[in-house]
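Asks: Here TrEMBL flags 1-21 as region 'Disordered'. The domain 'Major facilitator superfamily (MFS) profile' annotation in TrEMBL covers 35-516. Annotation source TrEMBL lists transmembrane segment at 69-88, 100-119, 125-146, 158-176, 188-211, 223-243, 249-270, 290-311, 323-347, 359-375, 427-446, 493-511 (among others).
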Amino acid sequence: MSSPQPATVPDPNSTQAPATTVPVSNAPVQSIKLLFAGLMVTQLLSALNQTVLSSALPTLVGELNGVEHMTWVITAFILAATITMPIYGKLSDLLGRKPLLIAAILIFVAGSLVGALAQDMPTLIIARAIQGLGGGGLMILSQAAIADVIPARERGKYMGIMGAVFAVSSVAGPLLGGWFTEGPGWRWAFWINLPLGALALAATIAFLKIPRPVLKEKPKLDYLGMALISVATTAIVLTLTWGGSQYSWGSTTIISMIVIAALSTAAFIWSQSKAQNPIMPLFLFKDRNFILTTISALAAGIAMFGAIGYMPTYLQMAGGYSATIAGLLMTPMMAFLLVASIVSGIVVSRTGKYKTMPILGSFILTIGMLLMATIKVDTSIVVICIFLGVVGTGLGLSMQILTLIVQNSFPLRHVGTATAANNYFRQVGATLGSAVVGSLFANRLLDLVASHLGPMAEQVGDTSSFTPAMVHGLPPEVKLPIVTAYNEALMPIYLWLVPLALLSAIVLFFLKQKPLATTIESIEEQLAEPVGSTAIEHVLQAEERVKRAKEPAPTTGIGK
């Protein structure tokens, strides 16, 4: 891996237009590599815990007798992470990446400890929410910190590798979850985070030495915006999770949630136009590429998490595979995602063109969804793995490049905020995908099981607490209707996700191909009037940058 080289800094008071840049750090190549390794550990920690419980879910909910709360084991983590993403992004722009990342790791580890000791579903769901509060920071800050030291033209390679880390951890998650379930117990899916968290914390403290922003007075934080975005996001997810399952769509509870979501969203938008340091500045939405990549990320998030969130459960319950094998069978998807992510990053870095890869990826994802919808009870597992590989290829070609496009559209001082906002909408999509597909799957499953069993339903008893072992220990005449119900409950949902994947592809045709920056940030950008910033923020930032520009070399940097 190569690292960006610092340029000679001209006199900022000169009337001649400067053509060189001010690097954020003067780091040697080895320090860049150590920093990147540390950020990959944090990415691994976050991504691993989005999938580690997927293989353990059937056994876990059966043991804790909470199948009616099954979707919340996944949704709680994603929801909490989604809420905190824009908060971490903005605070890291104001206060620096390192202290926020350390806090995120500690919160995540605390949630893991609570989960490992949980004795009932409510406690487990709370633990997952705490994990999400830390996980949101791990996701965002690992991406934002890369932009602090790697120019956009070179960053494609690094972002591709981070996408590969996501793929590896997504494979390792179900595998570890399955192995823990069949071996020492599903609680080890939480215990394992303690040593990993310690490693991530050590790497962050030792190698993440990006200079903190220097402000002459304490910035005013957007507490109102934080509260409103939390209320709005929670209300939206509760509406989609409860609607049609725990409460009818016309119930007072659901109508109240819809009203709260609408009012809090409107209030949040208003608050962002008034706040001194808004969590999600409205000027972001004046950039065409940000809007288009955000729409694409939202649609792809719904399709991705809706598609893969319950596949290991299906493979166990319908296919008769163990939790470990069910996790292993997700490997083709993530292997193709890994290769595609690295290839897309290399192509973008070499060509400087980013538009083709995400468009191609979105179309391939659309094809993958169509193929998944054709799976039947007797479909060969080899065919299923091929279909999963197609889905993985589509995701790998586009996922990390969308983040790069966003980061290349804004000056460095707004990268944390912009990265977080884009990922927020992707995670909203993930939350909606997980909640909607989970709700549809659970509702359809109960009805279909009762329908297929017919008169045998009373003899079988309560099917909501069935584990995979229990299902496949039933007589064939009882097992087949249940397995068929699982297939008919899940597979048609993939067909409903096709329009979203297609929408993701179509909007990307309208992307504006901007040159990828070959340096961290130019003098003009460093000292330009920051759109959407307050006057006092501009003055403080400008004074600090002029001071740095007059110095013969940066006085702080990675590894120093």
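Using the three backbone atoms N, Cα and C, a Cβ is placed for every residue, glycine included.
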Asks: Would you mind listing the long-range same-chain contacts of the transmembrane segment (158-176), meaning Cβ under 8 Å and 6+ residues beyond its ends?
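Replies: Non-local partners: 1, 36, 39-40, 43-44, 47-52, 54-55, 142-143, 146, 150, 189, 192, 312, 324, 326-328, 330-331, 334-335, 337-338, 341-346, 348, 392, 396, 399-401, 403-404.
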Asks: Using a Cβ-Cβ cut-off of under 8 Å, list the residues of the same chain that are 6+ residues beyond the ends of the transmembrane segment (223-243) and lie near it.
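Replies: Here the qualifying positions are 71-72, 75, 79, 82-83, 86-87, 249, 253-254, 257-258, 260-261, 264-265, 267-268, 271-272, 275, 278-280, 428, 431-432, 435-436, 438-439.
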Asks: In the same chain, who gets a Cβ under 8 Å from the transmembrane segment (359-375) while lying at least 6 residues past its ends?
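Replies: Same-chain contacts beyond the flanks: 296, 300, 303-304, 307, 340, 344, 383-384, 387-388, 390-399, 401, 487, 491-492, 494-495, 497-498, 501-502, 504-505, 508-509.
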Asks: Could you tell me what the rest of the chain brings near the transmembrane segment (427-446), counting residues at least six beyond its ends with Cβ under 8 Å?
Replies: 67-68, 70-71, 74-75, 78-79, 81-82, 85, 136, 139, 233, 236-237, 240-241, 243-245, 297-307, 309-310, 463-464, 485-486, 488-490, 493, 497
Asks: Among 69-88, 125-146, 188-211, 290-311, 493-511, which stretch has the most Cβ pairs under 8 Å to the transmembrane segment (100-119)?
Replies: 125-146
Asks: Let me check one thing: do the transmembrane segment (290-311) and the transmembrane segment (493-511) come into contact, meaning three or more Cβ pairs under 8 Å with sequence separation of at least 6?
Replies: yes
